[in-house]
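Just below is one structure, and these are the notes that go with it.
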Amino acid sequence: MQQPKRICRAVVVGAGPAGLLAAINLLRRSSDEVEYHVTLVETGEDYGVLDAAGLEKKRSWMIGLSTHGLTALRAVPGLYEDYVSQVGVPIESTAIYLGKTMIEAGAEDVGENYVVDRNFIVAALARYLNDNFRRSGRLTLRYQSKVLFVDPDEKRIFEEYLPYDLLIGADGVRSAVRAALVANERAFECSVADIFTNFKSLHLHLPAAVAEKKDAEVVAAYFKAHFKPFELDWAEVARVWVGQPWSQTGQVHCSFYHSLKLQLLILGDAAHATSPSIGQGMNTALADAAALDALMDAAADDLQAASARLLQGRGDARVWGGGLSPPHPKRDTRRVAVLPAFSEERVKEGNALTEVAFHAYSMSPHQQLLVTLSQLLRGALSKRVPFGLVAPDPLTEVGKGAKLSHAYDELTRIGRLPAVRAVNEAARRRHFELRTGMVKPRPSALPALRRAGCAFAGLLAGVVAFAATQIVSKPLMDPAVEACSDPAKFAASKLHPYEPALGGGFVCIITQFLHALAAEPAGVLAWGLTIGLALPATVLWNAESGRGGAKGLVRYPTALGLLGQLLGISVVFPALWLPAAAYGKGSGAVRPARAYASIALAAPFLSLSVALFALEPASRAWTVCAGLLGGPGVALLPLLLSLIPAPAAEQAAMPAAAGARALSRAYAAAAALAFVGYAANLCLAGLAFGSPRAAVGALWAEAPPAVAFMSIDAGVLFLGRAAPPLSFGRHALRDAAGVRRDGPGCRLLLHLASTSPAEALAALLASPLVGPGAACALMLSRREARLGEAAAGEAAGAGETKKLA
């Protein structure tokens, strides 16, 4: 006698990728022995009935579709080929940009991967479900319906009673089905948290050309500078960006995914919502549905019967729930029912997903740089070292189909995951403590110590420079001072004539010094090195004197220039400006006009310097140029900057971004000029001395007084300029926990308190290639560019907040 068909009433809550695939798999399982009746409950609408125009309006964020998800989809004949394949964009290669350097990985390195709009793949799955099962009489669609409660006694859900034999919760981060587990399974452990990240998803058409700027030009400038793969309409990018609020999502950790008491299981985001950082959230959700289908195969569609799978003991009783005893630590050969077997199979994958995704990237920039470099190195070595001695990076292998639990195990073994987890968890905890007022922010004494150390080091360098220049210049300057102070003695001397109308005795002394310098072949080398370093220094103090909030001596570049003529810039800059800037440097914006004027004011000085070594010293023109350099006229030029005052403190971040970008360009111009001078110096050194050793000897060991003086100037300036501040005031750097870390203001190259020793080292290493002045100026330019980006981000955020308000 033929047995009647068994009817299995399944309720699937949630019509996302996992819920839809689970419904499809259950309906496909109907056979002569068992018939599945599926009710799909979803709070939203049916994307499967939307046409292309309607679906376009429902666009969501782009997510990754890789081996795990593809395998699950391809297990259903025709689903991938006829539906899903039409909505994905294949990834042929990936690229990481380090600055402007692109490191590319081909298809063989990333495996088969696609980028797909989340709602587009939902629509494709829903269309398959509608096309194949809507008229079967076994599918009930309850869109725009909400599950409010799960009745554990009668196994039905409210608000209308829906009895079930199997309840599948695929209803996302705030799952109502998971809430039933919390309420009815005392051993169930669950945590729901945010991913500590805000994100936006932009949908843009690739333009034929870049359009003119629009309202959000700050955002446009940022994307234009940093988005490398191809050109976009940056104004449109900025418009969409500013007009869209920040999105947030959560992450979920659960100790098991089923309940025998409730005859339910959870999958997808309801079980393991995750950060999108590694692109495996949807793939793991689809793999959940496929794993359930495979377990049903093993159990011959009998939910109560044991499957043929064997449990591998990895946990305690809490993992399995539903009254099961804990598995043996090594191996439990008991056969296990479908729902507990699902937890055994998927809990390790789901928890590995959330852990690996959240800790794939460190919240510490320095640690993340090391992680990225280690990933690149490991990937390169795994291809070149034979016999598999170096394994590929675990995260790369996940995209090719490796299990997430295996990646978790390997990342733990090599120490990367524990190290990043320690940093990230500390950052989250610190952020929460500060935000809620559990702890009060306490300013660190380290910035004050750094400022004091910088000021002292600068003062010491200036004192040493003053003593050294007095000693080496004494044979030249003592006779010049004596003769220039008495017209009769000057007339009787054989000193070079000077222009009294340009400044009197002081001009006389400087003229004698410059004449002695111009008479020496090494003089042009020493002068060129000093001027190359003085360029970024003068741009710096001219610009910073007009920064909002500046106080003290920093505000008076004219006084500094006059003192520099009298004592030497190698004395004034480290001994006076560095300590003054350590305690008086402003934290506000610099007007773009002041930034450009700061470099423009160097033009007269540079022109006179070129004339000094191009003209014949015996000519009247040379004497006038020397007098102009030695007189107060050039030093008084910064008085013109008073016409460009510092911006008001209440001004928004937009002027700050524009000023930082302008100052970055000013430093870049100074770097270019310094490099030209350095290149010319190298050519002259080769022609005049033949070898580097001979040139160095002429600059110091065998140098006459004037040349030795300028060599000291250049050396002290380099040490005093090579490690500029990275951040001040509201642009201060923040650590991984979001705690403010103010830079010390100014520092020396060898001063270990620098917040960026790597950049100081880079300037030192680059000096032989581009010249010390250009190296320092380039670093200053890079600093201001970063400050401009930070200010642009603040301006964009403030504009968005205002618009939303």
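Including glycine, each Cβ sits where the backbone N, Cα and C put it.
Taken straight from TrEMBL:
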type: DOMAIN; residues: 263-293; note: domain 'FAD-binding'
type: TRANSMEM; residues: 524-543; note: transmembrane segment
type: TRANSMEM; residues: 563-583; note: transmembrane segment
type: TRANSMEM; residues: 595-615; note: transmembrane segment
type: TRANSMEM; residues: 621-645; note: transmembrane segment
type: TRANSMEM; residues: 666-689; note: transmembrane segment
type: TRANSMEM; residues: 760-780; note: transmembrane segment
Quiz item: By Cβ distance under 8 Å, which residues at least 6 away from the ends of the domain 'FAD-binding' (263-293) in the same chain are close to it?
Solution: 14, 16-19, 21-22, 25, 29, 61, 63-69, 71-73, 75, 113, 118, 121, 150, 155, 164-173, 175, 177-178, 180-181, 192, 195, 197, 199, 249-254, 257, 303, 338-339, 342-343, 345-346, 349-351, 353-354, 356-358, 360-361, 395, 398-399, 404
Quiz prompt | Stretch in 524-543, 595-615, 666-689, 760-780 most in contact with the transmembrane segment (563-583), if contact is a CB pair under 8 A | solution = 524-543
Exercise. Residue list, the transmembrane segment (524-543) vs rest of chain: Cβ under 8 Å, 6 or more residues beyond ends.
Key: 517-518, 554, 557, 560-561, 569-570, 573, 577, 590, 594-595, 597-599, 601-602, 605-606, 609, 612-613, 638, 641, 663, 666-667, 670-671, 673-674, 677-678, 680-681, 684-685, 695, 698-699, 703, 706-707, 710-711, 713-714, 717-718, 720-721, 724, 771-774, 776-777, 780
Self-check item: Selected stretch (most C-beta pairs under 8 A with the transmembrane segment (666-689)) from 595-615, 621-645, 760-780
Solution: 760-780
Self-check item: Secondary structure tally of the domain 'FAD-binding' (263-293) (DSSP, helix then strand then coil)
Solution: 20 helix, 3 strand, 8 coil
